[in-house]
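*Asks:* Before we start, here is the structure in question, set down as structure tokens.
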């Protein structure tokens, strides 16, 4: 007798920012059950699939009871009796038939909500692994047709700016990547040591309150110059003794400070009495990145331009794309249609993989396979509003993304993912391979 889904239960829980989010349990005919919880972002791309919120006054409009109801009353009853190992079939059924809404970029989940569909998709994926009696990462690898498992390089977001922090810093994330480590375990050691060295440098320079942490566990010192963030990282890496072994990554989240009207980028956008004197063109911003890259060991720049500024993206990718990966997040929103366009137009050369931007495991896998076949890098990612769910840790190994960013080594909802990766590496034993310097292309495309 094949094991089937016998019940589905959704509930409203809370993310790491105290905002409601969706959690789903999927029960099986053998008496077991699996659980999935979805995250949510602060700086969201306008092309992301719909995250259904209730509106009204409860929870300041951020309740998810409609999404919960959609799972309990529409999706749940419709998937009872199905085989949880049939991920593609269940995802496509939810996305294309039960929801069925689409726009020019594909299935947009406007009816049921990407948060409702994804919570079920995650729980079904975990249930499928349980039924097959294999680890979740192996089940994901099998679904994708990936034969080689690789542990990702962690990209620790240790200095926060942009929409994640109350300082004046325009650029959102300054990250460290221990590419010179020989294992994930060693990468954690390097990351943690740089983080603690950074903390003492910031405390000494800016005072105790500058070491308060942001949504993702990074520090948010009150600095204005983006270059100062890079200087701090360089100093911390040096102090920890890892120069040459730990490189730098940035997530600029430039859509947050792009002016639609005059098509300029305002690096002073968080200043109260902003007179607009710091507005620059896309080309000037591109040159600023090139100067950063020549001065600092930067190997990854995410969302360097606005989500609709395809042409400036392509220029930067053409000019420095060999040396540095140019990652599309708001640009691509993990959407296979947008990924195809970017591959075609050589807009960027890496995908930021956020399952909740597209809303199903199957579509996420499709976006990753397309990216890898185009020779792109892939970085699996958390959201700023996270839960204790560790799905993306298994996802990054199962798809051999080569990279994962899930915050600083601080705050339990961030460490939950890193700790799961430590367990996976331990479980793989001698078969464990760490991406290291090959983080942009850790495996042959599958």
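Glycine too: its Cβ is placed from the backbone N, Cα and C atoms.
In case it's useful when we look at the structure, here is the feature table from Swiss-Prot:
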type     : residues                                    : note
ACT_SITE : 216                                         : active site, proton donor
ACT_SITE : 354                                         : active site, proton acceptor
BINDING  : 164, 173, 302, 329, 381, 382, 383, 384, 405 : substrate binding site
BINDING  : 251, 302, 329                               : Mg(2+) binding site
*Asks:* Can you check what DSSP calls residue 383 (substrate binding site), collapsed to helix, strand or coil?
*Replies:* coil
*Asks:* Calculate the distance in Å between the alpha carbons (Cα) of residue 381 (substrate binding site) and residue 251 (Mg(2+) binding site), and round it to a whole number.
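*Replies:* Spelling it out, the Cα of residue 381 (substrate binding site) and the Cα of residue 251 (Mg(2+) binding site) are 12 Å apart.
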*Asks:* Helix, strand or coil at residue 164 (substrate binding site), per DSSP?
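*Replies:* In three-state terms, residue 164 (substrate binding site) counts as helix.
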*Asks:* Enter the number of other CB atoms within 10 angstroms of the CB of residue 329 (Mg(2+) binding site).
*Replies:* 27
*Asks:* Hey, what's the Cβ neighbour count for the residue listed as 'active site, proton donor' at 10 Å?
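*Replies:* Its Cβ has 28 other Cβ atoms within 10 Å.
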*Asks:* Where the record says 164, 173, 302, 329, 381, 382, 383, 384, 405 bind substrate, what is the longest distance in Å from one Cα to another among those residues?
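*Replies:* Of all Cα pairs among the recorded substrate binders, the widest measures 16 Å.
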*Asks:* In which DSSP state, out of helix, strand and coil, do we find residue 216 (active site, proton donor)?
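*Replies:* Coil, per DSSP.
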